[in-house]
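Chemist: Attaching a single structure in structure tokens format; questions to follow.
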């Protein structure tokens, strides 16, 4: 029996190879789907974690002993409580201690935070030594800039809780600066404001050794990617509630990331499962055709065996063996090929639980496909075994009634029509139901059935026309097609495969440019470097030096978050904006360079002298109904001259002269914090508050001074004529501030304090003068709505730690680079003229164009600009291509390509099955004088007709599906729609590419089948 089965297999080795290949594809697709889903899910989770901000990766806990003995809580106790409640894997904890303190520096009181933290010097640039021993301290740069503290000084701090005015001596051993302030290690370390005084860093024993204090124990846990399971969000909520009862405070946004990861995984599982389900159904359909076609080809052999009296129980292994053997080999190869393909496309499945689940689901899918095919084979062979010998030995099978098939086709047509009507008429069915997934498949199947029926009818008409008009090729091909209706099922399969391929290609074509556009819009340019630089202007000048042409690099100051009138602000070197940024119509009109701001002279270290005349009596100018009008009263004796400077490092420095005395005098002050030069921002007068000498207040109403000259080291910075040019000066450009009355004179500028000062009824009094070139209102390019706040007619720029400035939208845009649909762009120089010092939350950046050479980055490094982070559009694009929607699109395209191969293989198998009968017919005609060229054309036309009909009908089905009113698949997990999203459906380009690809495959199949048919005719004697 084995020899008989092997002989039958060898005799039909072409059919056997086709059956094996189709089974391999079908089983391989079923085996690959679960492994692809789990591997991609793990990759999606890892990508989310890699792209998440530190707040979503860290779980930050703090604990203070509220009762009982003083001292810190043991960090190990905090970690143990979190592990017991949360049970999520994490990296080794970073622990530390903090305590508030008070430091007296002369008449100034400073309140620094004393902080100890694990391995802090590994994440910082340290000048001097690291504070590792008790009694040692490291300070930040602002402690030196603002208070003159130096390495080697000893300070006395009073920790919160110390009794009897006790203090702790600390010796300054070093200064520190965060290597990368954006790194998760520093999250929350500097408090809420970047410009606040940095914590004083000490060793943990220093804080623990301060008696009678209750320092705060801080623990930071960085969760690993494996921690972000669907249950993490609920476990975090339980942990926060449980530990809060123990006096612990938990701060984290990891639950937000966990929910996002879980949502992406669910979308991935659903999308891939739908595509895999369609592919498995297509595999079943293909294997059904395979079984039916091969069973038909063995009818004659089975009839001869039954004629010789072989028993039925021995016929079963003989007939089924010819199918089971190649299908089993194909299934075994398919399992391995499917696993390897999934691993090649999506990587390995790492988690042990995921491996077990993927193996279980893969085995189930393989079993469903393979054993389903076996059942179909058993049923099909049973029908053939039940046939009579006379029926089996007929060259043409007996006519079989088509009522059941016709009824099935009618049901499919009805379901397709009902589905289309439901989607058109019932809006709620377009989302949240199975209709958007099922109806397209029904449409493709219905179009395939209609097309094949039309094809058979048309083939008959063409055959008749060819017979009447002597067109032998058309006549023989048409009649042959009409006489072999079994091929219509193969054509239906081809229609479904082509429609699926067109849909998959169309969706990938629709999403590809959107992913690139989003990456460019969100990053802003090809590359964005987050940098540390001395100041905005230092960064601007360094970039201009590194890129003198102004086409490849641009200095940027970025303020994320709410800024008063909108969300997000970009301060850019506007002369370079249009050249460096890939400009889109949505960004508004093409940008032009803003006017350069004329700044005041630069001040350096040394003696700074100002010549001032102070009036001896108050001036009666102005009027106020609530304050007594000054009328010759003597001027107060506490008026000071003041100059506001900004260092090259963006630090604010104030220089004071006086107290002023009536008459014309020259006052001098020593400048010692402007080694690299300081920019002069404003000049004016001020006084000290009587109850707090550290607080400045305005001089009283009527105080008048004249500014004559400003000189440093025999260099006249501002002359009397320059002071006297009234149009060169303006009062405070900031909102809710009032300035002095100004009057230009031949020998200087007169400043008079207006009514209402030093009160706040009319606003905060700032008795200073600024350059007239300051842009206020500040010109902006804005996208989105304007938030006016309390100002109903004047939007304001409100940055943390800085006075408000009125703004004016000179240009409107739908979208802005990096900011999206909400935000504003201003000129960097104009913003810096208003805010010279570094501001809270400010991020200095360098934007690089796509063709920017690496030498620009090297030049920036030599200029003192340190790169902290680099973002590129390629990284952003790869991140979005790693999300669930992109993975679903890739799997759909792979499944569609496999479906196309299955259809092509089924067409080859059908041609192989009928080759013997057609070869016999054509051989007989050759012996009657039919030319060999006609035989070749008949074969090509016969199979090409089916292939072309399948491709054309498949494209038509895809176009029809594209017209359905269903929401297109999501391109991104978050359903981003900042830039226009192309509509759903199958585009003309997708139809063209699908037609070309499917047409080439179908043509190859038709040519192979035709050549084999022609060869069979020749071998059977047709060439004689």
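Numbering starts at 1 and runs along the chain as it is shown here.
Every residue gets a Cβ built from N, Cα and C, even glycine.
It should be emphasised that the depicted structure is a prediction, and the values quoted were computed from it without experimental measurement.
Sharing the feature lines straight out of TrEMBL:
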type     : residues : note
DOMAIN   : 279-379  : domain 'ABC3 transporter permease C-terminal'
TRANSMEM : 268-291  : transmembrane segment
TRANSMEM : 315-339  : transmembrane segment
TRANSMEM : 359-379  : transmembrane segment
TRANSMEM : 400-425  : transmembrane segment
TRANSMEM : 437-459  : transmembrane segment
TRANSMEM : 486-505  : transmembrane segment
TRANSMEM : 893-913  : transmembrane segment
TRANSMEM : 934-966  : transmembrane segment
TRANSMEM : 986-1010 : transmembrane segment
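In terms of burial and nearby residues, how do these features look in this structure?
Modeler: Mean model confidence of the domain 'ABC3 transporter permease C-terminal' (279-379) amounts to 77 (pLDDT, 0 to 100 scale).
Residues 23, 26-27, 30-35, 276, 280, 283-284, 287-288, 290-291, 295, 320, 323-324, 327, 331, 334-335, 338-339 of the same chain sit 6 or more residues outside the transmembrane segment (359-379) yet have a Cβ under 8 Å from a Cβ within it.
Within the chain carrying the transmembrane segment (437-459), a Cβ under 8 angstroms from the stretch's Cβ atoms is held by residues 274, 278, 281, 409, 412-413, 415-416, 419-420, 422-423, 477-479, 481-482, 485, 488-489, 491-496, 499-500, 503, 945-946, 949-950, 952-954, 956-958, 960-961, 964, all 6 or more beyond its ends.
If you look at the transmembrane segment (893-913), the same-chain residues 6 or more away from its ends with a CB under 8 A from one of its CBs are 12, 14-15, 18-19, 21-22, 25-26, 28-29, 275-276, 278-279, 282-283, 286, 289-290, 293-294, 296-297, 345, 486-487, 490, 493-494, 496-498, 500-501, 503-505, 508, 943, 946-947, 950, 997-998, 1001-1002, 1004-1005, 1008-1009, 1012-1013.
Long-range Cβ contacts of the transmembrane segment (934-966) within its own chain (Cβ-Cβ under 8 Å, at least 6 residues beyond either end) map to 420, 423-424, 430-431, 435-436, 439-440, 443-444, 447-448, 450-452, 455, 459, 472-474, 476-477, 480-481, 487, 490-499, 501-503, 506, 903, 907, 911, 918, 922, 925-926, 984-986, 990-991, 994-995, 998-999, 1002-1003, 1005-1007, 1009-1011, 1013-1014, 1017, 1022.
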Chemist: What residues elsewhere in the chain lie close to the transmembrane segment (986-1010), defined as a C-beta under 8 angstroms and at least 6 residues from its ends?
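Modeler: The answer is 494, 497-498, 501-503, 505-506, 509-510, 900-901, 904, 907-908, 911-912, 915, 936, 939-940, 942-944, 946-948, 950-951, 954-955, 958-959, 961-962.
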Chemist: Mind checking which residues of the chain, 6+ beyond the ends of the transmembrane segment (268-291), have their Cβ under 8 Å from one of its Cβ atoms?
Modeler: 18-19, 22-23, 25-27, 29-30, 33, 36-37, 40-41, 44, 323, 327, 365, 368-369, 372-373, 376-377, 380, 437, 441, 489-490, 493, 496-497, 500, 884-885, 887-888, 891-892, 895, 898-899, 902-903, 905-906, 909-910, 969
Chemist: By Cβ distance under 8 Å, which residues at least 6 away from the ends of the transmembrane segment (486-505) in the same chain are close to it?
Modeler: 278, 282, 285-286, 289, 292-293, 296, 440-441, 443-445, 447-449, 451-453, 455-456, 889, 892-893, 895-897, 899-900, 902-904, 906-907, 910, 914, 946-947, 949-951, 953-955, 957-959, 961-962, 986, 990-991, 993-994, 997-998, 1002
